[in-house]
Amino acid sequence: LFNGIYPFYPQQRKVSVFDVSTIIVIVVFLTFTCSFLLIIPGIRGRARLYWTLRVLLSLVVGVVIVAVQFTGDWETGWVTANTSYKSFSHALVNVDIGLHVGLAGVNVTLMGNPVNQVNETINYNEHFAWSFSADYDRSYSEGLERGLPSPILYVAEKFTTQSPCNMHRQYRISGHYASATLWVAFCTWLISNMLFSMPVLVYGGYMLLVTGAFMIFSLLSFSTVRNSLMCPIQFGTAVLHTGYGGSFWLTLAIGLLCFVAGITVVALHYFNLDLLKTFFDLHEDKGEEYQEMTEVYVNPHFVNKGL
C-alpha cells in the first residue's frame, strides 16, 4: 500500500454485466413486486390470478426496459491466446480475453490460464465509457498511466477517437439512439399501464404495440454497427469475434412479448369484449345492476296521480 492506495490501481473495477445502477433498478422493481404480493390476498376469486398475471408481466417489461440501459453485454466476445503481458517484455502468458459492449461503454476482461502467472495475478476487468457525458480517450489515457496489461490496452485502443478503425463513433452513436428509443419505450409502457386502468382497454393495447415497436427500433439502431467494416482484434493467430449478447436477445424477447400482448388485447376488444373486461376485472355483474335499480327513489306525488 502507498498512503492507503493500491499502487498502479487506484480505482475500483467494474463488473462487465451487472453494476450498481442495474442492481438499484432490480431492487426498486422487486420492492414493487413484494408490495403487490402483500395485497394479493385481499383480492377475491379468479380476479386474484388475473391481477397477478397482469402486474407481474407489466413489471417484467418495465424492469427489462430500464435494466438493459446499464448492462454491458449487448455484444460480447471471447478469445484464448498466448500474448505478451506487459510492454517491453518478452514474457508470454496464456489468457482469456473478453470484450463486452454496452450502450454507454465497453468492458475489457483479462483472465489468466491459470490466474497466477509471471509472479502476478491476472484477473482484470476494465470499463471505458463513451457516453456523451464521459471522455473515452481520457479513460484510455488513465489506463496507460496505471500500467494496464497490454491486451487490455490493445483492445481499448480500437475504440479511441484517434483510431483509424472509427469504431468509437459507430458504437457511440448507435448506443445513444438505442438508449433514447428505450427510454421512449419506457414512457409508452407507463402510459399503457395508465390506459389499462380506464374503461376503454383497447388504447392500452395500442400503447403496448408502440412499446414493442420502440424496443425493436432500439435493436435496429444498435445493430447498425454490423453494417460497417470492423477492424480485426487479433492476438497472433487468434481473432476475437463478437456476437449479440444476453441484453440484446432479452430486449428482443420482451419486445415480441409486448407485440403479442398488444395484439391479443386489440383482438379481444373487437371479438370478445366480455372476456377482455373479465380479465381486467371490469366486467359488471348483472345481479349488481338489478340491485342498483331497486334503490331508485320515486316521487309519491306522481305515483298517486297515475303518472
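Cβ coordinates are placed from backbone N, Cα and C, and glycine is handled just like the others.
Nobody curates TrEMBL annotations by hand; they come from automatic prediction.
Residues or ranges marked as transmembrane segment by TrEMBL: 20-39, 51-71, 91-110, 177-196, 202-225, 246-271.
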- Note on the structure: Tertiary contacts of the transmembrane segment (91-110), defined by C-beta under 8 angstroms and 6+ residue spacing from its ends, are 14, 16-17, 68-85, 117-118, 122-131, 134, 136, 149, 151-152, 155-156, 159, 171, 175-176, 178-179, 222, 233, 235, 240, 242, 245, 247
- Item | Stretch of maximal Cβ-Cβ contact with the transmembrane segment (20-39) [cut-off: under 8 Å; candidates 51-71, 202-225, 246-271] | 51-71
